[in-house]
């Protein structure tokens with residue numbers, strides 16, 4: 001099991017869009033090489049989380065080592081490094097691709113090339129990987145292998161003359177795939193004699209052993225008991241356990257250049273072993289780390305509040321536990337006058353946010369309210385000081401700020417031609433700037449727009465899917481900050497500002513958003529004994545307002561006929577009471593009102 005010459009090692013990953021059959025293909029490879037016994041096999045073997053199985057997406061990376069005897073009689077070791085296919089996790093993808101020499105590009109032969117596939121192929125090309133194209137699901141009645149092969153040639157620029165036609169489900173073409181990995185993917189470089197450098201491509205927290213780090217040895221070799229240093233954090237650890245993933249962990253004594261494995265060294269949190277960091281020996285460190293390490297910064301923020309104030313501690317514990325496994329998640333305590341105690345959390349993107357929320361509710365039985373997601377704004381004050389703000393209620397007043405800049409992203413959508421018009425309309429309505437349009441084949445078009453991230457975080461993805469009947473796919477990346485005339489929109493209920501409803505919007509849209517929001521709140525807030533004004537304001541200027549009429553008790557019911565002055569006296573007494581009630585009464589804002597912000601139609 002242990003000593004394998006470097007020339008017989010093949011490291012590869014699988015690139016595919018959601019639902020194009022990546023996990024099924026991985027299962028089939030594990031089965032055909034005898035890595036996983038038939039009786040232990042279950043669907044999507046490498047997707048460990050229930051949520052991953054349910055949504056059919058891969059969130060955390062996995063890795064597996066397979067022993068394969070090729071047709072030429074030689075024994076090879078194949079290391080499959082799984083990648084998450086979703087755009088929020090593109091940094092993780094780039095690191096796991098950096099740990100490989102080749103990639104299988106799996107495309108559904110009934111669907112064609114999708115945006116995320118394309119984004120990941122570009123990452124693979126940046127890392128100089130050998131790409132092997134595979135058409136999957138060719139046993140389906142709707143499969144069109146010729147059309148899709150042409151599409152791959154045109155869009156990606158790969159030679160598809162000897163493309164592999166396969167069906168992971170039916171087990172067609174699996175031997176061909178294994179042979180092509182052996183013959184086409186180059187072996188790792190033989191650099192066993194150099195100082196140790198290894199790339200971390202994933203890590204997760206284990207309650208008994210601390211953080212388990214998955215890594216690929218690039219140069220040199222590492223043994224159990226070695227003292228290693230992580231170059232980005234500068235911390236040193238002693239390796240207690242070293243092993244290979246097959247896919248279950250099998251401890252061994254040493255690993256050398258080209259091999260993939262795991263180690264445990266009593267590391268406390270995942271933050272200490274960041275993805276992309278370089279491992280080297282403490283005694284003989286390498287001169288410089290491997291290139292490409294960056295810290296994953298959260299892009300989207302929202303407030304999470306427990307519906308029941310007693311669950312605050314539970315929420316904090318749950319976030320702490322999730323944080324152990326998710327270095328990209330950030331959170332800090334926050335108090336809101338409307339919602340009480342909670343946390344302001346930062347995420348990589350929308351999918352990441354949804355998954356964290358769903359895991360909190362599902363794995364920790366919490367009932368949560370979320371505020372509208374916001375992005376990180378860059379504010380320059382009059383004194384020339386630049387601060388980053390992720391919460392609209394922290395924005396300095398207009399007279400103290402000089403400019404607000406917001407993050408912009410470049411969105412690439414791949415869609416059937418019929419839906420191009422409606423998707424362009426969607427982007428225009430979100431302040432998008434048209435950049436480029438490319439026709440791939442007769443039926444597929446790529447449309448490129450630059451958009452403010454704030455316009456995409458609420459429901460852009462849902463709109464994209466509903467307008468294109470689910471056929472369009474998108475991929476985005478950050479392109480920098482730009483200055484825009486942005487204002488803070490406050491919502492006042494009965495004269496008091498409700499901090500959880502505050503938002504930062506573009507000046508041209510402020511009136512429409514304010515109008516829509518006040519109308520929505522008028523429906524949702526119950527009537528009180530006194531008249532309740534709802535206002536949308538920018539600074540001290542009210543731009544839209546609605547009133548909830550008072551419930552009126554009939555105080556004259558007991559006066560039959562009788563004297564007008566008697567009736568006047570009762571009415572004046574009622575008016576006085578209402579006035580007093582209005583000055584000291586509080587208005588309950590129901591939870592649906594906070595959700596209303598998320599459901600506003602930005603049109």
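Including glycine, each Cβ sits where the backbone N, Cα and C put it.
Per Swiss-Prot, the feature domain 'tr-type G' maps to 7-189.
The secondary structure of residue 138 (GTP binding site), as reduced to three states from DSSP, is coil rather than helix or strand. Among the features that Swiss-Prot reports, GTP binding site is placed at 19, 20, 21, 22, 23, 24, 136, 137, 138, 139, with the record citing sequence analysis.
Sorted by the number of other CB atoms within 10 A, the binding-site residues 23, 136 start with 23, the lowest.
Confidence annotation: the domain 'tr-type G' (7-189) carries a mean pLDDT of 74 in the model.
DSSP classifies residue 23 (GTP binding site) as helix under the three-state reduction.
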